[in-house]
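Read through the structure below, which is laid out as structure tokens, and then see the notes.
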Amino acid sequence: MKRELIDRFFFPGVWQSVQRKLLENETQSKTDNSPVTIADYGSQAVVSWALERQLPAGTFSMIAEEDSEDLRKEDGKAMLQRITELVNSIPSKDAVLSSEDVLCAIDRGKAEGGVQGRHWVLDPIDGTKGFLRGEQYAIALALLDRGSVVLGVLGCPNLPLSGLSDDGSSPVGCLFTAVRGAGTTVHAIDRSVQPRKVRVSDLSDPALAAFCESYESAHSKHDLTSGIAKMLGVTASPIRMDSQAKYGAMARGDAAIYLRFPHKGYREKIWDHAAGSIVVEEAGGVVVDAAGRALDFSKGRYLDLDTGIIATNPSLLTAVLTAVETCVGSKSFL
């Protein structure tokens with residue numbers, strides 16, 4: 001995917017501005033009580049609209065997180081107006097969209113996916129709670145070809161370019177691109193630094209590894225991941241952040257292990273992992289479920305997997321899986 005094309009989709013400067021200006025009345029709650037903002041809707045509308053116009057007629061299919069149901073209600077009209085204004089403020093767009101255009105663009109993300117054909121997978125603002133706190137979030141786009149992820153792009157506007165240990169002197173804002181068989185590249189969002197290939201950490205001693213996990217304990221069992229880290233001998237405190245920015249950080253070696261173990265009853269959605277997984281894999285890493293199986297994106301909008309998700313390097317995988325098996329089997333973590 002050419003950088004010029006990426007810029008049309010990932011307009012991160014716009015979302016940084018929106019993030020700074022976001023007001024309480026520009027946030028709604030979905031039926032599962034998770035927040036959704038004008039940026040979630042606006043991002044989905046613009047990516048959908050732009051992608052469809054770049055592809056041959058009749059070939060566009062997208063699986064995305066949001067839909068327009070709440071915006072079509074009477075109490076959603078004011079928010080729809082703000083979303084439409086946001087969409088039309090984006091410089092890379094070359095047309096003015098009406099509110100109905102915006103609603104239709106959002107609803108083009110209703111594809112079911114599966115093993116047949118090609119489908120784009122979008123999380124328009126991954127890590128909405130991080131976005132609302134002014135912290136980490138990502139715009140995550142992937143391409144499925146017959147159920148397999150073949151391309152991924154992660155825009156991480158608040159991720160320091162030089163790494164999580166940055167002292168504040170390097171540019172902020174990373175764009176990770178990965179193509180199956182061609183590796184993972186990180187770009188500076190502001191183009192201040194030349195793009196470079198990245199690789200996962202090559203650590204082989206788990207005791208020396210840093211591990212990352214979800215910021216919110218509601219998203220992953222922190223007591224379980226703490227037990228796994230202890231069994232591995234990890235002494236460093238966990239790196240907690242929102243969104244698939246964790247996958248980007250993993251891909252360039254900021255952490256050697258990523259653990260995600262949602263609470264019972266939660267079903268993982270493919271847009272939460274499609275782009276991030278290929279970014280890690282093409283950087284030399286592995287992304288599997290708790291049984292060591294590769295993630296299967298061919299089943300529709302959800303991932304059917306065993307217990308949780310692990311990302312690490314090949315050298316650490318066996319040790320991590322062993323620790324996971326032991327801790328998951330312990331009644332104290334059920």
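Cβ coordinates come from backbone N, Cα and C, glycine included.
What you see is a predicted model, and the numbers here were worked out from it, not measured in a lab.
Copied over from TrEMBL:
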- GLU65, ASP123, ILE125, ASP126, ASP272: Mg(2+) binding site (BINDING)
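Of the chain residues outside the Mg(2+) site list GLU65, ASP123, ILE125, ASP126, ASP272, ASP40, LEU122, PRO124, GLY127, THR128, ALA138, ALA140, SER243, GLN244, TRP271 have their Cβ within 8 Å of the site's Cβ mean position. All protein chains shown were included, and the count of other CB atoms within 10 Å of the CB of GLU65 (Mg(2+) binding site) stands at 23. Listed binding-site residues: ASP123, ASP126, ASP272. The one with the lowest count of other Cβ atoms within 10 Å of its Cβ is ASP272.
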